[in-house]
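Database features (TrEMBL):
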- A:130, A:191, A:214: NAD(+) binding site (BINDING)
- A:237, A:259, A:262, A:328, A:361, A:415, A:420: substrate binding site (BINDING)
- A:259, A:262, A:361, A:420: Zn(2+) binding site (BINDING)
- A:327: active site, proton acceptor (ACT_SITE)
- A:328: active site, proton acceptor (ACT_SITE)
């Protein structure tokens, strides 16, 4: 049974707090193992990478065999069903179109004091993309991680993907080709993260690593942070559906289960003001659970982490949504825009009764890499900006420097930074230049 | 003596690599201590915060005394020199003007398939600002960290600042008032970071923590990352000056020393194509070192981490600059724009002979919180965007959902995600809806 909360009950605030704080994932104690692997890859390069790949993926490679050839990638693509490839291309085109609109503008102006100011955006030089192997190998995630980098103008996008026992998912490789990934290496785990961060003889180092992975990969990304940039560490997927009684309960049940089927740690929450509707959704979930291929995973998720929150009025929803700060928020109500305007914290908002979250996972266009575990309070989904950086630009001439100098010198003096003051004063023949 | 490198020498590439990899800071082994402090603050709240403040700052407080009153802040401001306050106000106005231009635009459009797409930016709800005590207490840093949050629209900006033996810098408090900080607490160290992240009875939790600090503060920020957002961990300051022989060597020496005086781990580098000029700068540095209040700090920095890199032509500079990826880059050359256009990696670029880096530390307008330790390869200076987050928005109706459905359902099937496919199909009465 999912959690049941009712905002009209006196213990609601406390129960909601407990629900919010509940951990959905056990933190695996992998830090030490990962540190060892990273140190070995840093010191030994390819040799360590090959050794760990043999140990963890049961795959014996040479350095030359690490990188997939163009022929291998083309062969993989040829092995895919044409209609799936076509769907990937439709998705890629839509994702690219949306992300192009995120490209930022440079700034260059002269202010009233005659100082020229601005900023300039440039793409990072090389991005690393981690793609999990096995069941979590999603071609859609390859598109969602690689396309923003390509749109940003990153010249080099290096992908790593483990091939346990030599197996690779052809669709993942096809997605890499479609997304313009420039290099693919058949390695994974902390050792692949180390190779991307430190570089080996075969794999040149990158400047930033993105993409989801297991506990070892997440720990490795955290440990190399600073050597390279990383994206946010992703947690289990979440959906929060705010629905009035005007919805078909089977539709809402399907939406809740579309997150629950991801894994047993996923979370699906319904907020509604209609008690009878809540009961209907509960029954529809029970029925659909019996019809799903991944029904047992979805059942575990719904039972352990699912929740139905009853409110007296949907006016109460925005405050609860902002506390939950969901990765995905569906507003299945008559006036979704009005409700959305009152909400601050959500990774992506799906407006109205005909916008199931799953459409955003694949083809809508916005990124499906979104902040989880309440990070939507402060973080955003993956975007073109994650693959660019901004240099600020300042230019003075003697006149404008002279106009700024008194305040700057006063502050440098107040902070006891003598040489700071002097570097300004010396250009203007001021007293202590 | 600073490092000397010459790009015409056969061992230059190897020597440059060694120089790039040299560590400037010993990593203090503070993780375990910090973890204990954070756990105690999380479990005990104010009690632990007061206990650690007594131990580390030799200051006995009650929970009521943690927060500075309006009267205390006003009194601190009244104790400051009027001309310094005026300089702070000049700086604040210029910083605010520059940062207002960073405010991002929302996006809302309907595409060719009739799908409504977009994104919406909102400010985070509460920011925490760490301000170091003692000698590293810079009022300019209070402005640089707090003003972008205020411009972003963050309603609550809570500042923590340690007061060892009860001492506080009045200018830091005045800067907090001028920048619109909403709360100030006289606590510091890992315990203050814990209080901001987890909240106590007195200090409400924030969503993101920014600001510089010592090794304990940096470790604490890393450990609470995920509970809250954090900014980049700042390393020692750096300047890279690219200068031709047309500069006054004393000016360039002053610029190099303005970073070297920050601390002994700071780094100042000169790239020049003029050997005689390099010698003149070296001599000017030696003279000015004897004239600085912080000469001994600057001397240690220049001796241990400083460098003069001689190149055959300034055409070689962009590639070296991009490898170094400096926090601050001065282009003291005749045509700085042309050179800047060839450079990708720099936190802030100071163009021309009349733009000393120090003008950007105080009053130019752009932020002085910038990526250090080569992070400019992938990171940017602090901005309004660091205090906002973006929600993507998707809205379909039956028609547009129907047009996207075939590709989305095909991909969900290919990924084995049954319930994803169903949540789309069920709305369209497709086969397995």
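From the backbone N, Cα and C atoms, a Cβ is placed for every residue, glycine too.
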Out of A:262, A:328, A:420, which has the highest number of nearby Cβ atoms, where nearby means within 10 Å of its Cβ, if these are the binding-site residues? A:420
If proximity means a C-beta under 8 angstroms from chain B, which of A:130, A:361, A:415 count? These are the binding-site residues. A:361, A:415
For residue A:191 (NAD(+) binding site), which residues of its chain lie six or more apart in sequence with Cβ-Cβ distance below 8 Å? A:37, A:40, A:41, A:48, A:49, A:52, A:53, A:56
Among the binding-site residues A:214, A:237, A:259, point out the residue whose Cβ has the most other Cβ atoms within 10 Å, with all shown protein chains included in the count. A:259
Please determine which of the binding-site residues listed here (A:361, A:415) has the lowest count of neighbouring CB atoms within 10 Å. A:415
Within the same chain, and leaving aside A:130, A:191, A:214, name every residue whose CB is within 8 angstroms of the centroid of the CB atoms belonging to the recorded NAD(+) site, in sequence order. A:132, A:160, A:162, A:188, A:189, A:190, A:192, A:193, A:213, A:216, A:217, A:220
Cα proximity to residue A:361 (substrate binding site), best match among recorded positions A:130, A:214, A:327: A:327
Within the same chain, the residues at least 6 apart in sequence whose Cβ is under 8 angstroms from that of residue A:327 (active site, proton acceptor) are A:237, A:238, A:239, A:346, A:347, A:348, A:370, A:371, A:372, A:376
How big is the gap, in Å, between the Cα of residue A:420 (substrate binding site) and that of residue A:214 (NAD(+) binding site), rounded to a whole number? 48
Can you see whether DSSP assigns residue A:327 (active site, proton acceptor) to helix, strand or coil? coil
